[in-house]
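Q: Quick one: the structure is below, and I'll ask about it shortly.
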Protein chains: 2
Amino acid sequence: MPSKQIYLGVIGVGGVGTSFLQQLSKLPSPPTLVLLARSSQTLLSPAPAYSPAIPAGDWQTASANPSLTKSGALSPSEIVSYLSSAPSGSRSVLVDNTSDPALASAYPQFLKAGISVVTPNKKGFSSDLSLWKDIFASAASGGALVYHESTVGAGLPVLSTLRDLVATGDQVTRIEGVFSGTLSFLFNTFAPVSASSEAKWSDVVSQAKDLGYTEPDPRDDLNGMDVARKLTILARIVGLQVQSPESFPIESLIPAELASLPGTAAGIQEFMTRLPEFDGQMTALKEQAEKAGKVVRYVGSIDVAKNEVKVGLQQFDKDSAIAGLKGSDNIISFYTQRYGSNPLIVQGAGAGGEVTAMGVLADLNKVLERL
Amino acid sequence: MPSKQIYLGVIGVGGVGTSFLQQLSKLPSPPTLVLLARSSQTLLSPAPAYSPAIPAGDWQTASANPSLTKSGALSPSEIVSYLSSAPSGSRSVLVDNTSDPALASAYPQFLKAGISVVTPNKKGFSSDLSLWKDIFASAASGGALVYHESTVGAGLPVLSTLRDLVATGDQVTRIEGVFSGTLSFLFNTFAPVSASSEAKWSDVVSQAKDLGYTEPDPRDDLNGMDVARKLTILARIVGLQVQSPESFPIESLIPAELASLPGTAAGIQEFMTRLPEFDGQMTALKEQAEKAGKVVRYVGSIDVAKNEVKVGLQQFDKDSAIAGLKGSDNIISFYTQRYGSNPLIVQGAGAGGEVTAMGVLADLNKVLERL
């Protein structure tokens with residue numbers, strides 16, 4: 001296939017961003033990296049020649065290169081303007097490796113200008129329905145592409161599979177799964193299938209926090225919002241008009257008494273200190289499930305016919321795939337007309353810099369194939 | 001995206017072909033069907049106008065349309081010639097819904113002529129390594145695309161996932177799974193996890209045959225060749241130079257004494273009649289596994305570092321994902337450097353007209369997006 005010249009702007013050099021740049025640098029024929037932005041710094045290849053390129057594998061020392069332009073933080077409009085000045089016949093792609101809602105809400109600007117967007121950032125796809133619609137309408141009008149596989153299940157083939165099912169005319173009836181690596185780890189440890197565990201909930205949370213499996217404030221995992229955002233995306237792909245992740249029931253695992261503690265270091269510490277007061281409630285839930293020969297898990301589900309999205313605790317048979325999940329794995333089951341009573345299942349690590357970046361890079365490869 | 005005019009030739013109207021045409025007819029903007037071939041008949045839109053098109057949803061009555069050209073069976077060269085006379089600026093795609101090795105060995109001709117190929121036919125990708133290489137080299141030289149997702153696991157996202165892992169630089173270390181819906185059903189029924197089963201092997205085979213789950217001659221499933229072909233494809237995608245599916249060990253489940261019975265109706269009947277003589281051997285295998293707290297399953301595996309491909313019986317822990325498989329589901333586990341100790345798993349129906357056709361149509365959609 002004849003391939004156009006592709007110019008790449010990458011925002012974010014956190015865990016995912018760093019892995020992405022590393023993986024990008026090892027592609028046999030990578031696109032030309034011309035913009036690399038981190039919080040307050042932007043590195044640019046001088047326009048309009050877009051030369052020299054920024055070396056993706058060596059970006060940390062590239063800012064010392066006098067041939068590259070250094071700038072402070074650029075606004076989304078400024079980035080659109082820079083990337084859309086690419087020479088005629090070439091195309092530009094934005095890779096957003098942040099979780100920034102402001103940048104996400106500017107995707108329509110990029111897309112209308114013909115700049116494709118690849119991102120693991122959930123915000124653009126799981127906020128107001130109007131933004132979702134604006135993103136896809138803008139892509140169509142600008143002749144640009146949007147890929148966001150890593151917004152659900154990191155590098156696992158979740159969205160691509162669901163889009164294929166829908167595009168080929170299968171009827172998706174139900175989607176169910178464990179969508180949070182953090183909550184997967186917490187429940188697999190707190191209520192394992194194989195042995196009855198004496199573990200206290202607060203100890204498990206504390207352990208996960210120490211291992212870096214939770215957000216700095218574990219309440220950002222325990223509130224269920226991350227799972228709700230993923231369900232919002234899946235439901236919209238199936239065609240449900242979900243207004244926002246707040247428009248369906250989310251069962252929060254934060255005790256009401258601790259919800260209003262501030263998100264400061266002191267507030268987080270007080271949360272962790274007081275969490276043991278509520279261990280009895282979680283143990284009761286675990287024991288109740290055990291009496292029924294089951295285990296408790298934190299899941300999301302979509303019932304398409306009922307137009308119902310739910311996020312929260314449910315009991316599962318011990319020999320079910322969800323109960324048998326290991327470590328911090330995700331599992332997503334698609335029930336469809338064609339697949340019948342046994343769902344199509346995708347399972348594996350659903351978080352982590354390397355596998356998330358892999359999903360972003362695989363998306364970028366698809367965009368490069370199509371542009 | 002501006003889309004080119006795409007002309008489609010479809011070969012085969014068996015179980016997969018029929019489902020494919022049905023699904024194709026429901027696409028919002030399907031490509032133009034200009035050639036439809038079944039064993040001894042070919043229906044064509046008169047070239048060079050390629051008009052009128054063949055109605056995909058109504059192909060069975062279309063042969064009565066006097067505006068369409070009827071012909072006997074065309075050779076691959078004749079089909080290449082017909083499809084490559086498409087007007088300048090348009091593109092053609094061959095969808096091969098047969099399992100014909102002769103047509104598969106002609107893929108390079110199609111591809112060199114710029115005709116893309118989409119197929120669930122394993123033969124082209126699992127025969128001699130020279131044909132595999134010729135196919136992909138021809139695609140590159142002809143600027144055409146080849147997609148064959150449904151050659152492994154039907155519509156399950158198996159090959160696309162593996163190609164993404166490889167293309168983004170992950171190190172695939174091991175692939176393991178149950179790749180045959182028929183053998184999955186046989187062992188899930190013969191040696192279920194939950195209850196000890198008194199089922200005799202020959203009865204289970206007979207039941208599967210009656211349900212239409214086996215090939216007309218069950219030895220075509222029991223010889224392991226179908227699984228070996230799938231493993232050959234996966235191994236080649238990972239980069240192993242597998243010469244042919246005969247170049248690694250395949251454990252056949254056909255008793256040696258019955259292997260040489262002819263493939264005629266009488267031969268098949270004698271096979272089924274004499275199979276009970278060998279029930280003791282299979283029961284012994286089952287009981288041996290049970291003593292170790294395990295179950296026996298027919299699996300394929302690839303150890304990349306050892307360059308080792310194997311197909312045959314293995315014992316699995318009862319709480320393993322492979323042991324817990326239901327019905328005639330497939331399961332494929334990818335062990336990679338990035339995914340660590342817990343593999344990326346894809347599971348679900350790996351056979352059947354509807355889900356296989358869905359994989360073919362999803363591939364076709366990707367080709368349409370890229371052409």
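The backbone N, Cα and C atoms fix where each Cβ goes, and this holds for glycine too.
What you are looking at is a predicted structure, and each value in this text was computed from that prediction instead of being measured.
Pasting the feature list from TrEMBL:
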- A:LYS230: active site, proton donor (ACT_SITE)
- A:GLY12, A:VAL13, A:GLY14, A:GLY15, A:VAL16, A:GLY17: NADP(+) binding site (BINDING)
- A:THR98, A:LYS122: NADPH binding site (BINDING)
- A:GLU215: L-homoserine binding site (BINDING)
- A:12-149: domain 'Aspartate/homoserine dehydrogenase NAD-binding' (DOMAIN)
- A:157-364: domain 'Homoserine dehydrogenase catalytic' (DOMAIN)
Q: Could you give the Cα-Cα distance between A:GLU215 (L-homoserine binding site) and the residue listed as 'active site, proton donor', in whole Å?
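A: About 17 Å separate the Cα atoms of these two residues.
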Q: Looking at the recorded positions listed here (A:THR98, A:LYS122, A:LYS230), whose Cα lies nearest to that of A:VAL13 (NADP(+) binding site)?
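A: Out of the listed candidates, the nearest Cα belongs to A:THR98.
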Q: Mind giving me a neighbour count for A:GLY15 (NADP(+) binding site)? Other Cβ atoms within 10 Å of its Cβ, every protein chain shown.
A: 16
Q: If you count the C-beta atoms lying within 10 Å of each candidate's C-beta, which of the binding-site residues A:GLY12, A:GLY14, A:GLY17 ends up with the smallest number?
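A: Ranked by other Cβ atoms within 10 Å, the binding-site residues A:GLY12, A:GLY14, A:GLY17 bottom out at A:GLY14.
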Q: Measuring Cα to Cα, how far is A:GLY12 (NADP(+) binding site) from A:THR98 (NADPH binding site) in Å?
A: 5
Q: Could you tell me which of these recorded positions, A:LYS122, A:LYS230, has the greatest number of Cβ atoms within 10 Å of its own Cβ?
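A: Sorting the candidates by Cβ neighbours within 10 Å, the top entry is A:LYS230.
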Q: By DSSP, what is the split of the domain 'Aspartate/homoserine dehydrogenase NAD-binding' (A:12-149) into helix, strand and coil residues?
A: 55 helix, 25 strand, 58 coil
Q: Which residues, same chain and not among A:GLY12, A:VAL13, A:GLY14, A:GLY15, A:VAL16, A:GLY17, have a CB within 8 angstroms of the centroid of the CB atoms at the recorded NADP(+) site?
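A: Nearby residues not in the site list: A:THR18, A:SER19, A:PHE20, A:ASN97, A:THR98, A:GLY353.
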Q: Out of A:GLY14, A:GLY15, A:VAL16, A:GLY17, A:LYS230, which of these recorded positions is nearest A:LYS122 (NADPH binding site) by C-alpha distance?
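A: In terms of Cα distance, A:LYS122 (NADPH binding site) lies closest to A:LYS230.
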Q: Check the domain 'Aspartate/homoserine dehydrogenase NAD-binding' (A:12-149) for me and report the mean pLDDT.
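A: Per the prediction, mean pLDDT sits at 94 for the domain 'Aspartate/homoserine dehydrogenase NAD-binding' (A:12-149).
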